[in-house]
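Scroll down for the structure; my scribbles are underneath it.
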Amino acid sequence: MNLSVIFGGEKYNFKSLKDVMAKANEEKSGDQLAGIAAETVQQRIAAKAVLSELLVKDIRENPLVPQENDEVSRIIEGDINEQIYGEIKNWSIEQLREYILSNDTGDRELKRLSKGMNSEIIAAVTKLMSNLDLVHAANKVEILSTCNITIGQKGTLSSRLQPNHPTDNIDGIIASLKEGLSYGIGDAVIGINPVDDSVESVKKVLTATKEFINDWSIPTQNCVLAHITTQMKAIKQGAPADMIFQSIAGTEIANRSFGISADLIREAEELIKKQGTGTGPNLFYFETGQGSELSAEAHMGIDQVTLESRNYGFARHFNPYIVNTVVGFIGPEYLYNNKQVIRAGLEDHFMGKMHGIPMGVDICYTNHIKADQNDVEDLSVLLTAAGVNFIIAAPMGDDVMLNYQSMSFHDVATLLQTFGKKPAPEYLAWLEKMGIYENGRLSARAGDLSIFER
Amino acid sequence: MNDQLVSMITQLVMEKMEKSTGSQAPEIAATSTEQPLIKFYDKVENRSSGTTEATATSQEPLIQLYQHGAPQEVTTFASTTFNQPVNDAVPIKPFQFEEESLTESVQAAKKHTPARIGVGRAGTRPKTKTWLKFRLDHAAAVDAVYGEVSEDLLQKLDVFQVTTKVTDKEEYITRPDLGRRLSEESKALIQQKCKPQPKVQIIISNGLSASAIEENVQDVYLALQQSLSNLNIDIGTTFYIDKGRVALMDEIGELLQAEVIVYLIGERPGLVSAESMSAYLCYKPRIGTVEAERMVISNIHKGGIPPLEAGAYLGTVVEKILHYQASGVELVAKEG
């Protein structure tokens, strides 16, 4: 494995694969915080050049996190198809990039390729992709998933309706829910982040949302994003949950800091299959985001793009219904500004799709990061062009519980209309029946929450 | 929330009111004298103007905010620069954000949530006034990030101040590792001033919003102290940390060998409130404690969980942590 290059008249030596992978990343404050980022712009490009000549097998044969120490590594390794890997193991990362971008490579080829790559290989090629490469390549892939309804079809853009409330007040949650539905939001999931992570509170919100969904025969699914153990207790006590949510990370230690393990997720899988209200087969909702491993001091000197990719390797093992990166939420110490958030959003979406998972994005920002609503609007256009499965929407993009801004109900409707996309087919049929959509777009009555009054 | 808690809160309120009639009531002096002294269940904050409307309905459940109508008031740009007379011939009017007519359904729905609902649309886009209001609120939140807690408040709380390894604001947001470690002088100061091995150690930091501390900490601290004292739980020597991060509690737990730490810290400002505070709790936080062992009560502010109620609630959570000798996920597991 050659880790040196003469580039632009200068000699560059990299210490290890880990070092090349980190320095080949586009600039991220999180990699700088970890002390592993490229020191100059030229060094960054030199690292990309070295990486482009490494072979696929160099990356698999030199694991950044050895399997002996880490169950995430074991799970990723265990899911690789050796036949397909054998076909690509002698390719350079340069060849891999050009294969992905080739006009002869489409949905079927990329899905096949996906089975032969581990998360580090996918991260490596991502570092050689420009933003438009990431948009273009991700858009080739169509990943369908089914809980109660099926989402992800080409030409669709689904959304999670996020009617959070600062005290989990049910009337308040339902008020925002009605508003969102009246804009045609919510085919991916109606998902609430609770303030109160208690079993009682989770049961209350699951029951209220499920009753509303049943009352109005809405073809969608519900979820309350409490800790997995709390949701499991609520389900055991009879609460109606269509899927189980959990935040995940890319190393075993970071997962432990979230209070989870693969065994716990397997246990949840058994439970949701037996006691859940969702049809399936896809019954998990996972959230990720660059920087969480560093935040938990469990990054092992590995860059945040590679660690994020490992989230998707872990996630795909459990056949999730939806996965989304919460791209601007973590804060400026990991993604400093609009440029870094936009890059991370495109990387995460692409890496998710290359893993074959139904990838969405919470396109968002906090008030202490150097970004504003215009920046997330920009990213939403890019991700819609990239064929993102779903995005998250809150009233006017302002989440009154989590204190951050995401996309608005208006934004989802605007993206659909601008790009000529549609909500998921079963949901669209319901929207038309309710008079919220007409001729494939918002009706005159849309946006009026009194539609949901009898 | 249970009846026991309600009665505890009621007791706290009574005590607080007694105090304030007897003395100058510095902590209450900040609120308008026109307002009832303590009215936290049934008031609605008009978040644009900051005024409140209180309506007494004592039968209402404990946490049931926003059930009364927000006053239909005109919102103005508060900045004085907009109000300076420039030209006598053109009177400068306050900018009106409110849409003229809302249907009854929308008005009813808006009473239940501070979320921006019932806002209408221009095609698929937001209306101009809705959009401007959003941009103004974001601007205010951005401007509220950081800030220092006043000396005055620290004196009132009777706490001393320490620092982390962070030197300035920019470093605070880009170097969380430095905000998780005490400066060397501070370590010495804490060891010198604090009671060692406290049952409960309370610490306070501005975090990302000094105004969160300014607005809420007095009530939360008072109610928490009262609650712990009623439960016969011993409290250590409280102090204030400038520019602390959540995981700093580990080093402090280690230093003082505290059994439980309650850490009151300013949250990242949101659009609804730049004054929201969180309380993190942990059983025996030590260097290497994982996030899943911490607990948090967030959204403590007048439009979320009212400060007095939060303080009393925290007391009961501490009691539970001490009883099970665990916090976070482990506490959930032990509770069964």
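Counting begins at 1 with the first residue displayed.
Every residue, even glycine, has its Cβ placed from backbone N, Cα and C.
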**Message:** Looking at the substrate binding annotation from TrEMBL, with A:Arg160, A:Leu161, A:Gln162, A:Asn193, A:Glu287 already listed, which candidate in A:Asp79, A:Asp362, A:Asp372 is the matching residue?
**Reply:** A:Asp362
**Item:** Proximal to chain B - binding-site residues among A:Asn193, A:Pro194, A:Gln246, A:Glu287, A:Asp362, A:Met401, CB under 8 Å
**Value:** A:Met401
**Item:** Protein Cβ atoms within 10 Å of A:Asn193 (substrate binding site), excluding its own
**Value:** 20
**Complete:** Expressed in angstrom and rounded to a whole number, the adenosylcob(III)alamin site built from A:Pro194, A:Gln246, A:Ser295, A:Met401 spans a maximum Cα-Cα distance of 22
**Asked** A:Met401 (adenosylcob(III)alamin binding site): which of the binding-site residues A:Arg160, A:Leu161, A:Gln162, A:Glu287, A:Asp362 is the nearest Cα neighbour?
**Response** A:Gln162
**Fill in**
Among A:Asn193, A:Glu287, A:Asp362, i.e. the binding-site residues, the one with its Cα nearest that of A:Gln246 (adenosylcob(III)alamin binding site) is A:Glu287
**Fill in**
Same-chain shell around substrate excluding A:Arg160, A:Leu161, A:Gln162, A:Asn193, A:Glu287, A:Asp362, C-beta within 8 angstroms of the CB centroid, reads A:Val189, A:Gly191, A:Leu225, A:Asn324, A:Ile392, A:Ala394, A:Ser406
**Asked** Which state, by DSSP, holds A:Glu287 (substrate binding site): helix, strand or coil?
**Response** strand
**Request:** State the count of C-beta atoms found within 10 angstroms of the C-beta of A:Met401 (adenosylcob(III)alamin binding site), not counting that atom itself.
**Result:** 28
